[in-house]
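Trainee: If you scroll down you'll find the structure; I have some questions about it.
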Amino acid sequence: MHAIEEIKQLTETINEHNHSYYVEDSPSVPDAEYDRLINRLKQLEGENPHLCLPTSPTQRVGGMALAKFDQITHLKPMLSLDNVFSEEEFEAFYKRISDKTSEAPTFCCEPKLDGLAVSILYRDGVYERAATRGDGTTGEDISENVRTILSIPLKLRGDNFPPLLEVRGEVIMPKKAFDALNDRARAKGEKLFVNPRNAAAGSLRQLDSKITASRALGFYAYALGVVEPETWALADTHYDQLMQLRAWGFPVSAEVKQCGDVSSVVAYYTDIMTRRDSLDYEIDGVVIKVDSIEHQGQLGFVAKAPRWATAFKFPAQEEVTLLEGVDFQVGRTGAVTPVARLKPVFVGGVTVSNATLHNADEIARLGVKVGDTVIVRRAGDVIPQIVAIVADKRPDDAREIEFPDTCPVCNSMVERVEGEAVARCTGGLFCEAQRKEAIKHFASRKALDIDGMGDKVVEQLIDKELVESPADLFKLTASAITMLDRMGMKSATNLVAAIEVAKTTTFSRFLYGLGIREVGEATAANLANYFKTLDKLKAADAESFIKVDDVGTIVAQHLTHFFAQPHNLEVVDKLIEAGVNWPEIEEVAEESLSLKGQTWVLTGTLTQLNRNDAKARLQALGAKVAGSVSKNTDCLVAGEAAGSKLTKAQDLGVKVIDEEALLQLLSDSE
């Protein structure tokens with residue numbers, strides 16, 4: 001037998017044995033025979049390295065360590081799920097969706113795995129890449145690490161699969177693997193992982209994939225992502241699509257079940273919760289999805305979650321501990337939040353020493369005092385909070401919790417706006433606590449987008465008193481930046497250059513970067529297009545602000561308060577003096593808004609026009625620029641390497657133009 005033929009045969013045979021062992025939990029050969037096969041394959045590949053196949057099981061051991069993870073933009077956003085915490089909340093969810101479907105919905109239920117969500121892409125049935133969920137739009141490229149997970153197929157089984165297939169699922173660390181990992185760490189005197197989820201996340205995000213390969217991670221598929229061509233015939237229920245994934249070689253939870261009505265869903269939830277501790281992986285609830293793909297389409301999505309699915313979370317775990325004190329933290333928007341200092345207690349898999357008390361109203365509602373014995377809960381198994389006090393254990397020397405009248409950071413007055421529960425520092429950018437978060441926000445990707453200006457850099461700049469306001473960023477020199485940890489002259493020079501580039505921005509990004517409460521990207525764009533100039537916006541009153549699209553009385557109040565603060569105006573003026581600028585937004589008559597009422601989408605790489613500039617100029621002509629193609633899209637601008645959005649636009653009959661046509665349109669409109 002020729003070497004290539006034997007390599008192919010061994011690769012296929014060993015992958016089948018791996019599937020039997022890691023996916024079906026049914027070993028098909030003795031360990032000695034498996035070892036003989038794998039050693040023979042290694043020998044042949046060593047003698048013929050040019051014949052090694054990308055699907056070879058020997059490629060799962062990990063490769064060269066990376067300097068950092070690259071970013072991957074998901075072909076379709078990876079959305080999160082809304083939660084329900086009781087049978088009553090689930091019944092309300094059911095009523096909401098049943099009113100919107102053509103017939104009573106049925107469900108597909110599965111355990112809510114407590115791991116890390118990932119997207120895996122296959123092209124022509126062969127593993128190509130994998131990414132973390134990230135912010136839902138962009139994730140980290142963890143392709144080499146995911147390749148090491150033995151339960152994930154490198155080549156799909158069978159031959160009836162689409163040319164391009166995206167699979168979504170959860171990477172987990174089984175409880176046995178977690179215990180073994182901590183046993184090894186304990187023997188070496190190393191720090192232990194607190195729970196399997198943290199261990200899975202830490203293992204998957206190792207820059208050295210060899211470390212990931214040693215961690216015995218597992219994977220369960222829970223959904224299809226992008227499938228191309230879109231006309232590819234798929235099952236018409238979520239359950240049957242999961243069974244198709246299983247047939248292609250993916251692990252799918254054995255606990256997946258179809259449920260016909262509310263009572264059967266609740267019974268499933270109760271059963272899984274009862275058996276929770278006996279499962280080999282950590283879960284924190286069950287996921288309930290409308291089973292019919294047609295019904296899913298009828299229900300659609302809200303901003304960041306599908307309407308047709310929800311996570312039915314288990315009751316949060318609670319413990320009793322002592323409230324030893326209360327600290328007050330100040331956030332980017334000036335919110336003063338009381339944080340309870342607790343006698344450390346193990347709750348829901350982690351040691352908790354702090355818990356939120358939210359605000360003064362919550363403190364009053366609980367009637368809590370320093371020195372009280374309190375009940376701590378991890379709400380949704382994530383955020384620790386105090387839910388009650390044990391009144392009969394209150395000591396005689398228990399002390400009232402006094403909310404500060406002045407900011408604990410800058411001593412500015414603390415005020416509480418009528419109708420709001422949150423108290424806020426009025427120091428604005430003068431306040432160091434707000435300053436750190438404000439400068440991080442100002443430099444962020446959606447604001448001035450200063451490349452290399454990460455959170456740790458900002459914190460060091462402020463701690464070393466090199467920067468006090470956003471305007472000070474533009475005074476930084478390379479020699480000053482080298483004072484920061486891990487900043488050599490080359491990195492410092494690059495950062496100074498990036499700051500210089502960021503001086504030229506857009507009015508809307510500048511406004512967004514100021515961090516005015518409740519002024520997001522869309523509102524900032526509306527304000528920029530309405531007022532056109534900074535001077536006009538600064539001179540506006542609440543009545544003028546309310547005339548802007550999507551600006552109500554509360555946002556108008558935040559705007560007037562911000563521009564009424566002398567220190568905020570001083571920062572804005574210093575930014576302009578430092579050279580921050582943007583293209584002038586010309587006055588446009590209503591009849592000149594040639595794209596008013598239209599929805600446009602940008603896709604692919606634009607070579608002559610910055611994407612943000614293109615978006616701003618389209619908005620200046622009255623267009624709404626959306627992130628995805630639908631039947632309501634009026635036009636798609638397709639740059640180089642346009643992908644699934646272009647295909648969808650063509651299928652829907654949406655008008656498509658290239659970058660040259662866009663430039664011509666913008667030129668004709670000026």
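Just so you know, glycine gets a Cβ as well, placed from its N, Cα and C.
From Swiss-Prot, here are the annotated features:
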| type | residues | note |
| --- | --- | --- |
| BINDING | D31, A32, E33, Y34, D35, S80, L81, E110, R133, E170, K289, K313 | NAD(+) binding site |
| ACT_SITE | K112 | active site, N6-AMP-lysine intermediate |
| BINDING | C407, C410, C425, C431 | Zn(2+) binding site |
| DOMAIN | 590-670 | domain 'BRCT' |
Trainee: Can you tell me which recorded positions out of K112, C407, C410, C425, C431 are within 10 A of E33 (NAD(+) binding site) by Cα, answering none if there aren't any?
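Mentor: Those near E33 (NAD(+) binding site) - Cα within 10 Å - do not exist; the answer is none.
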Trainee: Considering Cα atoms only, can you say which of K112, C410, C431 is the nearest neighbour of R133 (NAD(+) binding site) among these recorded positions?
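Mentor: That would be K112, the closest of K112, C410, C431 to R133 (NAD(+) binding site).
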Trainee: For the domain 'BRCT' (590-670), provide the mean pLDDT of the predicted model.
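Mentor: That region's mean pLDDT is 86.
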Trainee: Ten-angstrom check, please: count other Cβ atoms within 10 Å of the Cβ of C431 (Zn(2+) binding site), all chains counted.
Mentor: 23
Trainee: Whole-number answer please: how many Å between the C-alpha atoms of D35 (NAD(+) binding site) and C425 (Zn(2+) binding site)?
Mentor: 66
Trainee: Give the distance between the Cα atoms of L81 (NAD(+) binding site) and C425 (Zn(2+) binding site), rounded to the nearest whole Å.
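Mentor: Distance between the two Cα atoms comes out at 33 Å.
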Trainee: Per DSSP, what is the residue count of the domain 'BRCT' (590-670) in each of helix, strand and coil?
Mentor: 33 helix, 17 strand, 31 coil
Trainee: Around the Cβ of D35 (NAD(+) binding site), how many other Cβ atoms lie within 10 Å? Please give the count over every shown protein chain.
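Mentor: Here the count is 11.
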Trainee: Name the one residue among K112, C407, C410, C425, C431 whose Cα is closest in three-dimensional space to that of K289 (NAD(+) binding site); these are the recorded positions.
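Mentor: Nearest listed residue in space: K112.
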Trainee: Enter the number of other CB atoms within 10 angstroms of the CB of L81 (NAD(+) binding site).
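Mentor: Its Cβ has 18 other Cβ atoms within 10 Å.
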Trainee: Return the residue, from the listed recorded positions E33, K112, K289, C410, C425, with the maximum count of other C-beta atoms within 10 angstroms of its C-beta.
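Mentor: When each Cβ's neighbours within 10 Å are tallied, C425 tops the list.
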